[in-house]
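Participant: Quick one: this structure, given as structure tokens, is what I'll be asking you about.
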């Protein structure tokens, strides 16, 4: 009986531990969207600066309030970023680019791609 109770308690603690960071992330994301929308007409403060400041402030608050005990909430997960967050960012950037600007800068874009791929291959090769 105690073993069953312990296993159930362990599952709920693990579930709670996973829900809290996701909830904090969603709340901060909603806050960024709302404040970014409210400051849409402001010429000096754009959405990315707003998100940067809100992220820095919320990270500092979490660090000081929890005295470093809950700093795992602030942990950067590369897999989460590369699989779930980066593709929509790239899609949005590609979707919003104007054709005239794209073709005007086509050579520069291709050079960045070629040079970046070359540098990446050198770094990967040198690391092995």
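Even glycines carry a Cβ here, placed using N, Cα and C.
Sharing the features that TrEMBL gives for it:
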DOMAIN    27-125  domain 'Cation/H+ exchanger transmembrane'
TRANSMEM  20-39  transmembrane segment
TRANSMEM  51-68  transmembrane segment
TRANSMEM  80-97  transmembrane segment
TRANSMEM  109-127  transmembrane segment
Participant: Where DSSP helix means H, G or I and strand means E or B, what are the helix, strand and coil counts for the domain 'Cation/H+ exchanger transmembrane' (27-125)?
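Facilitator: So the counts come to 80 helix, 0 strand, 19 coil.
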Participant: Apart from its near flanks, which chain residues at least 6 from the ends of the transmembrane segment (51-68) lie with a Cβ under 8 angstroms of it?
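Facilitator: For the transmembrane segment (51-68), the list is 24, 28, 31-32, 35-36, 74.
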Participant: Taking a Cβ cut-off under 8 Å, which residues six or more beyond the ends of the transmembrane segment (80-97) line up next to it in the same chain?
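Facilitator: Apart from its flanks, the transmembrane segment (80-97) reaches none.
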